[in-house]
Amino acid sequence: MTDHLIAKVQEHVPNIPLKIISQGAEALVFETSVHPYYNYNSSEKHHESPSLHNHTTFIIKYRPTKPYRHPKIDLQINKSRTIGEVKFMYKLSKLNIACPNIISTDFNNGIIWMECLGSKLPNGTISSFKNWLWYLESQEKEDPSINLHDDDQVELVCQKVGQLIGRLHLNDMIHGDLTSSNIILTEVDTKKNEDTDANNSSVYFEPALIDFGLSSFSGLAEDKAVDLYVLERAILSTHSNYADKLNGWLLEGYQQIHDSIEFNKTKQQLGKSKLKDTIKRLEDVRLRGRKRSMLG
């Protein structure tokens, strides 16, 4: 089945090398070394896009047709969902909420060509929030001096993730599938900052959101609480020994952005009101989740 789908997407992007990196119910995600407009592998002079973090690897997301749907209905659904996802990402970019930059689109064929965020961790995995925590857990087992419960970098990254989600929700935007796999960590080298002393330079991570196939716009505290609960549960299931600490740091960051001085006094008050409503609703969502677990 996968070979058939790969052959199908190759019809829409001919002569483009593709490596499948994930397959979901709605879409396939490929990695490619080819930019749709620039030949970065050529020795010829070219203009690099200043907005892209990566000029060697790109992502192609493809929504395949569904054979059980009428062709016209299928086209409308895929086109509508692709347009919706792209609009959501453009809105994020305008708000400076970190996400991949869009390079090219083909709405009729359900294709989004975008930049590839993140990098490879020392163990060879992509630097998603989940994989990074897994890597640190493996390092902790080998080195007793490492303690994830009391690690300044882990605390900072978790708070940054919480701040990122807070900014998303303050703009009444819902991710819809907020797992730790859909948060990518991008390395930032402080040496690139001219104000940084070269002897004191270091590398830290900035989080970005990916995969907006289930995204939506909503000001409801319920929808924001469900977003947070999905991430809480994802962390609990994959990092159970550290979940309480990690989720606590995440909520600290989430609260920090609602209290942020980057907003004027009126917006601060509104942010605090929204925060109160969301946290209260989150407690209700947690309670429902526990009841479902008890009932099986």
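Each residue's number is its place along the chain shown, starting with 1.
Using N, Cα and C of the backbone, Cβ positions are placed for all residues, glycine too.
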Given Swiss-Prot lists ILE21, SER22, GLN23, GLY24, ALA25, GLU26, ALA27, LEU28, VAL29 for ATP, the same-site residue among LYS61, LYS66: LYS61
Across all the protein chains here, work out how many other Cβ atoms are within 10 Å of the Cβ of ALA27 (ATP binding site). 21
Using Cα coordinates, what distance in whole Å links ILE21 (ATP binding site) and ASP177 (active site, proton acceptor)? 18
Check the DSSP secondary structure of ALA25 (ATP binding site), expressed as helix, strand or coil. coil
